[in-house]
């Protein structure tokens with residue numbers, strides 16, 4: 001007991017001592033307390049002084065001399081030997097500077113005189129923590145524009161230039177370069193160009209410290225964006241080329257990461273001629289990390305080549321698009337005078353766009369040839385080129401073929417297949433050219449048919465001096481083309497049968513088999529065609545064929561229009577766009593189909609190779625994700641006219657095994673649809689969109705978040721097809737994923753404008769009512785908004801029968817629901833309808849209010865509380881119930897009076913006259929709302 005009494009006495013003495021200590025501090029002035037603890041030997045006391053400097057300034061802000069005295073003590077505290085005290089002081093400097101700025105009239109130039117020198121001096125402090133804190137403080141001060149421009153030029157920049165001198169400490173030099181780069185966007189072009197840029201260029205060539213070069217490379221793009229195009233091209237680009245070939249892979253990697261920013265600061269010519277080749281070197285860098293960074297920057301770099309005038313940024317352009325051109329040209333063909341020796345039958349003109357587009361190109365070539373030769377349309381010379389004997393099923397391949405033909409107008413060679421050996425080297429073809437799908441999978445020209453009858457002999461070259469040896473070229477009016485003999489077809493089928501396992505070969509065999517059956521058509525029709533051809537031969541001389549070398553023993557297996565009437569399988573091959581696009585071309589032709597002139601082809605080829613499985617092993621396992629992420633930007637850059645270059649890549653990404661890749665595409669498919677336009681969207685994106693709808697929830701959410709954005713771009717008929725699939729969004733892999741259903745409700749609100757009242761009632765109404773009964777309150781609250789907007793749309797329809805039926809269903813399913821949560825949902829819907837003016841008040845009073853007022857006798861207090869809030873705070877605020885002395889107003893007032901006498905205190909409160917006049921109302925509201 002004696003020990004316990006002694007302990008109590010000691011504790012009492014300590015308590016008395018502490019009270020004396022506190023009382024002594026209270027007796028001191030703010031400056032006295034500051035001086036007392038600033039002189040303390042205890043480090044924590046001095047840290048406390050630094051932490052409370054701002055509070056001390058606020059206490060003495062009325063007296064200018066006391067403020068200056070506090071700032072002077074800050075200067076003395078900055079000389080503290082303890083790094084933690086200096087670091088604590090530097091953390092408070094931005095806040096003190098802001099206070100000085102706000103009170104500038106009483107303490108002018110306080111920051112510039114007392115605080116800024118401390119910040120600048122700490123940039124070279126020996127302690128790393130103090131330097132880091134001062135760097136952060138300097139950037140914060142610059143960002144808030146608390147440092148005058150004159151101080152930046154005379155106090156900040158000279159110190160930084162001094163710290164980056166060759167004899168400076170390595171760590172300090174690296175940090176100073178980083179500060180210079182980060183402050184450049186804040187100080188502007190003028191200061192950066194005059195004071196920072198020369199030293200930055202020197203640091204890019206620092207041979208001793210690769211860390212300095214790495215910092216320069218990492219911030220190169222920021223400097224370029226500040227100084228502009230001229231300084232970038234004249235001073236920075238040579239340094240950038242050096243950094244991109246640096247011996248340290250970390251420097252090259254930093255260059256790859258900032259390549260897009262550098263490209264944005266240069267002109268198109270330098271971007272195309274110099275930067276492209278430099279970037280290709282980074283993509284093929286020996287270091288995997290450099291290649292990885294380069295491929296991640298490849299898409300953004302390609303996007304810098306975008307030209308708004310050709311990228312097709314509008315979904316439905318008023319000007320001519322690539323799709324509209326073929327239609328206009330097709331109409332122009334019909335209106336144009338047809339040459340006498342070229343007869344086009346109306347029934348032969350196909351509606352297929354690829355066929356019509358090919359016809360346009362053929363007609364344009366014929367017109368060009370007629371103009372160059374100066375002859376009338378009836379005397380034109382027709383060049384014998386393989387592109388005239390077959391048309392490509394893909395529009396992109398047609399464009400590539402026509403462009404190639406335009407480049408060689410004078411020398412045309414017939415790519416005819418020789419039956420046996422030939423002495424002409426021009427007639428020799430590779431094996432893959434003999435039996436590639438290009439020769440067999442093609443849609444014939446229905447308007448103009450060509451036939452070549454070759455005379456006996458081989459290896460003869462056409463010339464005007466030997467007209468008797470020239471083959472006769474005929475353009476008959478019939479749609480039939482001379483077929484290869486049955487023997488030739490049988491031989492070709494036999495040669496291909498050993499390779500029947502190849503899908504391409506199998507398709508070719510199917511086509512050849514159809515051609516074999518087609519060769520046995522009515523002989524009388526062939527005889528009549530022969531008579532017509534003989535008549536045409538007299539009108540069109542062979543002498544008009546310029547420099548055309550033909551293998552006389554060659555024959556081409558062509559498929560006529562008659563095949564379309566014979567075999568359904570062949571018709572499927574002709575019309576199937578997927579097969580003709582993906583499998584109908586040799587490797588060389590597929591490569592040519594992906595050629596464009598918007599960006600350097602080498603860059604596009606590298607981008608397309610990002611889907612190669614080998615890239616995932618040699619570069620980055622997530623390289624496909626990076627490709628998918630930047631694909632909309634690349635598509636916008638190339639424009640919809642070059643979409644054929646990206647179509648196969650997009651389809652590959654859409655079927656990637658990694659769900660993260662598909663998720664990335666799902667989140668951006670609506671943006672790609674805007675870029676491509678309605679026709680390409682319907683042809684290429686809709687199938688992929690349908691696949692995403694059946695994917696994992698992680699992928700479906702990307703489609704769902706932009707469902708309205710995508711569907712509004714589709715034609716109304718195609719859009720209605722998705723009404724049947726909206727119900728599927730209610731089913732998720734994880735039933736706890738309530739955010740999925742909440743997003744569905746949000747999208748349905750937007751989709752109301754896209755569909756007719758009938759469609760809304762038949763398809764969207766069941767989903768909305770289902771969501772109103774969801775287990776999660778957040779989903780229900782959004783669904784109430786959905787139902788109210790649905791009521792508004794259906795009521796405005798003519799006639800408003802759908803709206804009345806929906807209201808009756810709400811009353812039946814929710815207003816009379818046996819569960820109290822359903823009846824509460826009915827009150828919520830009514831409240832939303834009133835707040836958003838979804839119904840005229842007279843219609844609301846007629847259809848909904850009688851059922852709403854009956855809930856005043858509900859046995860569950862939560863329902864009555866919500867009813868009281870709705871009547872008092874929402875319904876009675878409407879002018880209809882304030883001015884009209886109708887029976888509806890009387891019924892509402894009687895209901896409110898009954899609720900004011902309710903046995904539940906919360907119901908009484910919310911039914912009172914001024915529920916929001918006291919603080920208790922907030923508490924009551926929070927209590928009531930927490931129950932639902």
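From the backbone N, Cα and C atoms, a Cβ is placed for every residue, glycine too.
Taking TrEMBL as the reference, the stretch among 219-253, 254-288, 394-428 described by the feature region 'Disordered' is residues 394-428. Per TrEMBL, the listed range annotated as region 'Disordered' is 309-361 (candidates: 309-361, 468-520, 521-573, 574-626). Beyond the ends of the repeat 'HEAT' (156-195), by six or more residues, the same chain brings 116, 120, 123-124, 128, 131, 135, 138-139, 142-143, 147, 149, 202-203, 209, 211-212, 215-216, 218-219, 222-223, 225-228, 231 to within a C-beta distance below 8 angstroms of the stretch. According to DSSP, the repeat 'HEAT' (156-195) comprises 33 helix, 0 strand, 7 coil.
Confidence over the repeat 'HEAT' (115-153), given as mean pLDDT on the 0 to 100 scale, stands at 92.
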